Amino acid sequence: MSRFLICSFALVLLYPAGIDMYLVGLPRIAADLNASEAQLHIAFSVYLAGMAAAMLFAGKVADRSGRKPVAIPGAALFIIASVFCSLAETSTLFLAGRFLQGLGAGCCYVVAFAILRDTLDDRRRAKVLSLLNGITCIIPVLAPVLGHLIMLKFPWQSLFWAMAMMGIAVLMLSLFILKETRPAAPAASDKPRENSESLLNRFFLSRVVITTLSVSVILTFVNTSPVLLMEIMGFERGEYATIMALTAGVSMTVSFSTPFALGIFKPRTLMITSQVLFLAAGITLAVSPSHAVSLFGITLICAGFSVGFGVAMSQALGPFSLRAGVASSTLGIAQVCGSSLWIWLAAVVGIGAWNMLIGILIACSIVSLLLIMFVAPGRPVAAHEEIHHHA
C-alpha cells in the first residue's frame, strides 16, 4: 500500500511545485526575456489552462488504458516542458513551455486521485486526502525558499532544471515503483454497474459544487492576499511573508489533525464544520474592527478549507469504482475553471479584493451547507465492489 501512497503524493506535488517554485525568479526572467513582470504573470493562468486541457482527456484515457499509461507520459511531458522553459529566449516560448508543463502536471494530478480511489476504502481515502492536503500546503512555503536558495548561486534557468529533476523522480516512481491499479474491464454482468456510475448523479454533482466553491475560496484568498495584507492592512513585504507562512502552518496542522478527527466524528460533521468556519470567516472579515481580528478571520479560512476539502473529495470519488479517472478529471476541471471564472468575473465587475473574499466565503458556506444537509449519499460501495490492484 505504501507504494501507492508515495506515488500518488509525488504525482500530485508536481502541480503546486510548478506554480510556486519559479515565482522568486520572475523579475530576472522578465529582464532576460525583455518582458514586463505583468506580462509574465499570465504564466500562472497559462499553466492552469494546460492543466484543465489535460483533464479533458486524461481521465478517460486512464479509465480505458490504465493509470501508468497516463502518469508516465505526463511526467515525461513535465520534464520536457521544464527544460523548454529553461531554454526559452522569448516570452512567447516561455509561456508555451508553461502550458506544456500544465499539461504534464494535469495528467499526473488526475492519475493520483484515481489511484487513491482504486486502492483505498472511503474512510481511509478521506484520511489520506486530508494528509495530502496538508503536504500540499507545505509547497507554497518551501518552493519559493528553495527557489531563492537556488538563485543565490545559479541563474533563473536552474529553477526549471530543478523542476525537471522533480519530474524525473516522478517518472522513475511511475516506471519502476507504481503498479497498475485500474480494475479489469467489467464483465457483462458488471455493465449495469458501470452504466450506473453517471457523472450526473446528484450526490456527485453536489460534491463538485462544494469542492469547486472551496477551491474558489482558497484561491481568492491567495490571489488577493498581497492587496489585503500589504495595501489595505499596511504590512511590509517581510511581514506579509511571515503571515502567509503562518497561514500555511495553520493549514498543515489542521490537515494533519483531520485523519484523527475522522476516527471520532462522521465525515458529514467535518464538512459542516468546514462551512461554518467559512461563514464565520466571512462575517469576521465583514465586521472586523482591527487588523488582529481580520488575521483571525484569515486563519479561519485556512482551517475551514483544510478540515473539509479532503473529506469532500473522497465523497465525490466514492461512487466511481470503474470511472475514477473521469470523475477525477471532472472534479479538477470544475475546480480550476470555476475558481478562475469567479476571480475573473469579480475583477471585470470591479469588486474590491476585500469584498471579493467576503462574497465567496458567504456564498460558499450557504450553498455548501444546503447541499450537505439535503443531498444524501447513495448506497456505499460494498466490500466485494472495491477494486484491487493487479499483482
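Heads up, the Cβ atoms here are built off N, Cα and C, so glycines get one too.
According to Swiss-Prot, Asp63 and Trp354 sit on opposite sides of the membrane. Residues of the same chain lying 6 or more positions beyond the ends of the transmembrane segment (131-151) and with a Cβ under 8 Å from any Cβ of it are 8-9, 12-13, 16-17, 19-25, 28, 158-159, 162, 222, 244-245, 248, 251-256, 258-259, 305-306, 309-310. Below 8 A, the CB atoms of the transmembrane segment (69-89) and the transmembrane segment (4-24) form 3+ pairs separated by six or more positions in the chain.
Same-chain residues lying 6 or more positions outside the topological domain 'Periplasmic' (223-244) and placing a CB less than 8 Å from one of its CB atoms are 140-141, 291, 294-295, 298, 343, 353-354, 356-357. In this chain, the transmembrane segment (4-24) touches the transmembrane segment (158-178); three or more CB pairs sit within less than 8 A of each other, excluding pairs fewer than 6 residues apart. The average pLDDT computed over the topological domain 'Cytoplasmic' (179-202) stands at 73.
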